[in-house]
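Feature annotations, courtesy of TrEMBL:
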type     : residues : note
REGION   : 1-22     : region 'Disordered'
COMPBIAS : 1-11     : compositional bias 'Polar residues'
REPEAT   : 28-116   : repeat 'Solcar'
TRANSMEM : 85-110   : transmembrane segment
REPEAT   : 126-208  : repeat 'Solcar'
TRANSMEM : 131-151  : transmembrane segment
TRANSMEM : 180-201  : transmembrane segment
TRANSMEM : 222-242  : transmembrane segment
REPEAT   : 222-309  : repeat 'Solcar'
TRANSMEM : 289-314  : transmembrane segment
Amino acid sequence: MIVVVSQTSKSQFREPSPMKSEIDPSKADAFTHALAGGAGGALSMALTYPLVAVTTRLQTQTKNSETDKLTLAENVKEIYKKDGILGFFAGLESAMLGMTLSNFVYYYCYEASSRCLMRARRTQKLSTAESMLVGSIAGSVNAVIANPLWVANTRMTVDKSDRGVLTTIANISKTEGLSALFSGLKPALVLVINPIIQYTVYEQLKNRVLESRQKRVLSPSWAFLLGALGKLAATGSTYPYVTMKARMHLSRNEESSPVKKPKSLLSLMNEVIKKDGLLGLYSGIGVKLVQSILTAAFLFFFKEGLVIWSMKLLRLLRTFNRKRKVLTTAGAHS
């Protein structure tokens with residue numbers, strides 16, 4: 001049977017290619033942003049995790065520990081000597097789960113809050129103050145939900161445990177109580193300022209770049225650069241709290257030590273300053289800056305790209321469905 005397609009039907013095919021026409025990521029829903037953020041977080045963490053492992057050990061070593069005064073190079077040699085290449089990936093499972101969950105929750109809350117605020121104000125962009133507000137909401141929710149995973153990750157990285165993340169969480173809960181899974185939550189909540197600074201810097205720079213280039217879409221390469229700048233500003237200004245959070249994740253694990261570990265944030269900071277001086281608050285900052293900047297840069301690179309490609313895929317599927325319906329209708333009338 002010959003299918004005759006009318007001129008009107010043919011004209012419906014003459015539309016911009018879904019893969020070539022410009023996509024506006026701001027039109028994506030919160031769930032799409034959350035999925036892209038979660039996937040981007042997992043990919044960025046996998047790429048930079050050896051730096052994460054080294055940084056965690058630098059942050060948690062003390063003057064009376066076995067790794068007393070080990071430099072970055074010495075730490076790297078020590079890890080390789082004891083555990084080989086796999087030592088640089090201790091705790092990777094929990095880190096990827098934590099990063100995926102953290103970014104999924106953060107982006108979902110951030111995008112949902114942003115849309116509510118923009119609808120209420122009838123605007124298409126957030127001001128700096130509004131970006132900080134929605135960032136604080138998203139960051140606080142994320143800090144509470146993801147904290148158990150980061151506690152498990154710190155323990156697995158420092159203890160070089162072969163247990164799975166769920167087994168580690170269950171063991172901590174059983175031996176130390178549920179509250180142990182939320183150790184370090186106070187500095188984590190204080191550190192909500194970190195993503196607030198990071199995403200506010202990123203979003204405001206993004207708006208300016210798009211305006212100056214008269215574009216609606218930020219390319220992944222620009223996202224990489226702006227993400228790096230945002231993380232540089234955030235990590236540089238909040239690093240002492242990052243160190244305290246890592247040490248508090250270990251504090252309950254070390255209660256059997258002859259030296260009693262302080263539990264509160266301020267007492268722990270005082271203890272570190274007494275033992276190591278002010279520089280103790282910045283232990284491992286060089287590696288941490290490199291790791292954080294690269295992780296954030298790759299996160300934004302992957303996330304922006306994944307949002308764009310997911311929208312292109314959805315558009316392609318919709319176009320395919322429309323064409324199929326036209327052909328079906330034309331065939332029925334022939």
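Here the Cβ of each residue, glycine as well, is placed from N, Cα and C on the backbone.
Beyond the transmembrane segment (180-201), the same-chain residues lying 6 or more positions past its ends with a Cβ under 8 Å from any Cβ of the stretch are 106, 110, 128, 131-132, 135-136, 138-140, 142-144, 147-148, 150-152, 169, 172-173, 226, 229-231, 233-235, 237-238, 241-242, 244-246, 248-249, 251-252, 265, 296. Per-residue pLDDT, averaged across the repeat 'Solcar' (222-309), gives 79. Beyond its flanks by at least six residues, the transmembrane segment (131-151) meets 94, 97-98, 101-102, 105-110, 113-114, 117, 165, 169, 172, 180-185, 188-189, 191-192, 194-196, 199-200, 203-204, 245, 249 of its own chain at Cβ-Cβ distances under 8 Å. Outside the transmembrane segment (222-242), and at least 6 residues removed from its termini, the chain residues within Cβ reach (under 8 Å) are 59, 187, 190-191, 193-195, 197-202, 205-206, 209, 269, 281-282, 285, 288-289, 292-301, 303-305.
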